[in-house]
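Enquirer: Dumping what Swiss-Prot says about this protein:
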BINDING   H71, D104, E167  Zn(2+) 1 binding site
ACT_SITE  D73  active site
BINDING   D104, E139, H353  Zn(2+) 2 binding site
ACT_SITE  E138  active site, proton acceptor
Amino acid sequence: MTHASSGATFTLACELISRSSVTPDDCGCLDLIAARLAPLGFRFERVDSSGVCNLWARRGGTAPVLCFAGHTDVVPAGPLDGWDSPPFEPTVRGGQLFGRGAADMKTSIAAFVTAIERFVATHPDHVGSIALLLTSDEEGIATHGTVKVVEALAGRGERLDYCVVGEPTSVNTLGDTIKNGRRGSLSGTLRVKGVQGHVAYPQLARNPIHEFAPALAELASIRWDEGNEFFPPTTWQVSNIHAGTGANNVIPGTCEVLFNFRFASVSSADELRQRTHVVLDRHGLDYELDWHLSGKPFLTGRGKLVEALSDAIRDTVGVETELSTSGGTSDGRFIADICNEVVEFGPVNATIHKVNESVALDAIEPLSAIYERTLNALLLPNGD
């Protein structure tokens, strides 16, 4: 066994991977983590909701508060015959640790814990507070997870100063990318009403597909905004269109369209809703439209947290990191409501949600070292 596969972070990552915590089942991961943190003086609060396990852990009672956030749940393994080794039996081969959750994001959680253990052992009287916010409902509908903890904290006026979400953000090598924000996500379910009829007698019917087509073309052609330094322009995409009975001689009576905005911080959800309705109304459509806002955009500028994490990456692995807001949503969108500086950082994401998910062995302990250096920078009087 190599040094990379015998360290404390590797060992804890394997313990977590071996628990088949398919969302929303925590499978005892939070209890394992709490048992590691209890001797360090952490206080624990379970904020479980509707079968979802949520843990808030904090050491210290003063500011600044540095929180590590993440999720213990994983996506289903998929067809087992596609895996070269059982997905919940951590396996080492070819310089990689394989298993469901290895990259997304049990190695990050293990790295949080071991970084905290070393930091507290060396600096038991550090300034401020260390916190962990963990959930088993990130890969699912995410309505009973992190958002419930944030609501509880906000309800008693508790705020965070810095938060690192351990999502796998690196692209080619550990440390090359920090996510310092995410676009918002606004979805719509549109039902265009027509009149069903026989295709041979279109004058006796109203085809909702034909009526919607010009509006679709206009919506698809709109440049919603120009983006900004950190965000690309807002996009509008149709994901599903459904109409008809399956017969080729029946004009459908309704057409259902599912679409999604991924929007930059320069646009608001209300503005996008209003502009969409203007287009639909201008085309004279008879319609119903239901909206779902699953996440507002958030952005962390080049402040103390970005600087501390970037320096930690450079000092540990010699990589000059880049800031990015690309990709989907994360639980950072909830945490941003109670924290001004939220970033995501973790291992390479090339295999997440795939068969044979893995993390590089030689990235595991360095990831923990990066988190520890970030603690040093933000919770020691002189930042060292």
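Using N, Cα and C of the backbone, Cβ positions are placed for all residues, glycine too.
Burial and contacts for the listed features, if you can.
Expert: D104 (Zn(2+) 1 binding site) carries a helical DSSP state (H, G or I).
Following the DSSP three-state reduction, the secondary structure of D73 (active site) is coil. If you take the C-beta of D73 (active site) and look for same-chain residues 6 or more apart in sequence within under 8 angstroms, you find S21, V22, T23, P24, D25, D26, T135, S136, D137, E138, E139, G140.
A C-beta separation below 8 Å, combined with a sequence spacing of at least six in one chain, links D104 (Zn(2+) 1 binding site) to V74, V75, E167, P168, N349, I352, H353, E357.
Reduced to three states, the DSSP call for E138 (active site, proton acceptor) is coil.
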Enquirer: Among the binding-site residues listed here, H71, H353, which has the most company in the form of other Cβ atoms within 10 Å of its Cβ?
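Expert: It comes out as H71.
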Enquirer: Around the Zn(2+) 2 site recorded as D104, E139, H353, what other same-chain residues have a C-beta within 8 angstroms of the site's C-beta center?
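Expert: Nearby residues not in the site list: V74, V75, G101, M105, I352.
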Enquirer: Least buried of the binding-site residues E139, E167, going by other Cβ atoms within 10 Å?
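Expert: Looking at the binding-site residues E139, E167, the Cβ with the fewest others within 10 Å is that of E139.
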